[in-house]
Amino acid sequence: MLKVLGVVVITLLIIWIEIPPMKKQNKKKEIWMFSIFQFIATALLSLVVLNVKIPSPLELIRIIYKPFSDVLFSLLS
Amino acid sequence: MHQKVIISSSQFAILVLLNTIGTTILIVPAGLASEAKQDAWIPAILGVGLGLVVISLYNSLGGMFPQMTLVEYCEKILGKWMGITVSIGFIFFSFIGATTLIWLIGNFLVTQIMPESPVITIHAFFVLIVIMGVRLGLEPIARSAEIFLPWVGIFFLLLVLLPISDSNLENIQPMFDSEVKPILRGALSFLSVATLPLIIFHMIVPNGQRSKDTNKAFYLGSLIGGVVLISITLLTLLVLGPGLTARNLYPSFALAKKVGIKGVVERIEVIMAILWFITIYYKTSIYCYASIKGLAQLLSLKDYRILSLPFGMILLAVSLIVYPDVVYEAEWDVKTWIPFTATFGIILPAFLYLVAVIKKRKKAKN
């Protein structure tokens with residue numbers, strides 16, 4: 001839990017750095033985009049520090065490219 | 001809609017050079033030696049040659065849209081939705097590149113230099129300085145690269161000159177004994193690490209317009225980087241021999257451990273590590289810059305910087321889970337990374353170029 005607290009503290013720090021200048025200039029779209037990304041980031045990092053098993057994006061790429069890679073390496077071996 | 005990036009063509013060449021050397025210097029000799037044994041230097045030379053051909057494709061593609069970044073010309077060539085899909089692919093590609101590099105540096109430090117540090121702190125500090133650089137912008141990154149270049153040069157010369165007396169010509173004999181296929185495999189793996197990721201440099205438009213000078217800088221940076229890589233490969237072969245080079249996870253680091261002048265200069269392997277940290281820092285920064293800038297352009301945000309901090313956190317999270325272990329990494333880097341980079345480094349640019357040429361001809365006819 002301590003680690004998640006760390007993630008939350010970092011998140012608050014980032015929000016404290018980024019939001020006020022955007023608010024001042026009234027950039028609604030920017031604030032939205034930033035918030036969406038920050039939400040994904042906080043959720044993802046919390047899950048990772050809690051050791052929740054998240055599938056690596058590489059696994060997805062590996063499955064997509066398996067047929068190509070099999071053909072390529074059978075041609076070259 | 002985007003601010004001009006003001007970097008000189010020599011700075012551009014330096015960034016290309018550092019990107020070419022990047023990870024390649026530490027891992028490529030092992031891959032080449034396991035494919036082509038004592039002839040591992042042949043695929044390196046072939047790889048550099050083919051790399052220049054690939055760069056000429058990038059230059060002619062970039063020359064058709066001299067004022068646009070990769071994301072912008074994708075949309076221009078393929079139309080809105082196809083263009084966005086392809087752009088997301090490129091952004092994903094550079095994001096994956098950045099995460100795997102951070103994993104590599106964490107793994108290297110934990111296995112070779114600081115075995116007791118928790119890997120998350122290494123990743124976090126590395127992500128922190130990368131994001132710091134990206135927030136400052138490309139100009140400071142390029143200027144700092146200029147400052148570090150002489151150090152890279154000095155360390156590289158030390159690394160090349162010191163072990164020459166330990167080299168043994170028998171290690172690369174019999175010469176030209178390999179068959180064609182292992183050489184091709186080696187050249188392909190060389191290309192996939194050293195040259196093909198350079199497509200992300202099209203996210204940078206120096207001085208608002210790509211010129212002849214930038215094209216020259218692109219060739220020059222990649223050629224000098226190639227020469228550095230050929231000499232490191234040859235040297236690890238000459239000193240360590242093909243067997244040890246292939247079996248070692250980081251052969252050039254092992255090389256640096258071995259060399260020195262007895263009692264005067266010893267244990268210079270950290271020099272190798274510093275050389276690698278500098279180059280990999282720039283490689284990761286460019287990957288990061290490309291993906292953040294690409295995202296911002298895709299979402300039509302004026303300033304890419306607001307995405308940089310959350311993006312850094314996502315980068316940190318994914319870099320911790322990206323490879324489950326070294327065995328997976330070794331397999332993935334060969335079996336999947338090669339077709340993956342080939343898609344984004346050759347096939348898509350060639351396709352984009354073709355479509356752009358056809359469109360231009362049609363326009364000329366009408």
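Just so you know, glycine gets a Cβ as well, placed from its N, Cα and C.
What TrEMBL annotates here:
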type: TRANSMEM; residues: B:12-34; note: transmembrane segment
type: TRANSMEM; residues: B:40-61; note: transmembrane segment
type: TRANSMEM; residues: B:81-106; note: transmembrane segment
type: TRANSMEM; residues: B:118-138; note: transmembrane segment
type: TRANSMEM; residues: B:145-164; note: transmembrane segment
type: TRANSMEM; residues: B:184-205; note: transmembrane segment
type: TRANSMEM; residues: B:217-240; note: transmembrane segment
type: TRANSMEM; residues: B:270-292; note: transmembrane segment
type: TRANSMEM; residues: B:304-324; note: transmembrane segment
type: TRANSMEM; residues: B:336-358; note: transmembrane segment
- request: Residue list, the transmembrane segment (B:12-34) vs rest of chain: Cβ under 8 Å, 6 or more residues beyond ends.
  value: 40-41, 43-44, 101, 104, 108, 141-142, 145-146, 149, 152, 186, 189-190, 193-195, 197-198, 201, 204, 206, 214, 216-218, 220-222, 224-226, 228-229, 232-233, 236-237, 242, 245-253, 272, 275-276, 278-280, 282-283, 286, 333-334
Task: Spell out yes or no: are there three or more C-beta pairs under 8 angstroms between the transmembrane segment (B:184-205) and the transmembrane segment (B:270-292), with each pair 6 or more apart in sequence?
output: yes
Field: Folded-back contacts onto the transmembrane segment (B:304-324), same chain, C-beta under 8 angstroms, at least six residues removed
entry: 95-96, 98-100, 102-103, 106-107, 119-120, 123-124, 127-128, 130-131, 134-135, 288, 291-293, 295-297, 332
- request: Would you kindly check B:81-106, B:118-138, B:217-240, B:336-358 and say which stretch has the most C-beta pairs under 8 angstroms to the transmembrane segment (B:145-164)?
  value: B:217-240
- request: Look over the recorded stretches B:40-61, B:81-106, B:118-138, B:217-240 and say which has the most C-beta pairs under 8 A to the transmembrane segment (B:270-292).
  value: B:81-106
Statement: Ranked by Cβ pairs within a distance under 8 Å of the transmembrane segment (B:40-61), the first of B:81-106, B:118-138, B:217-240 is B:217-240
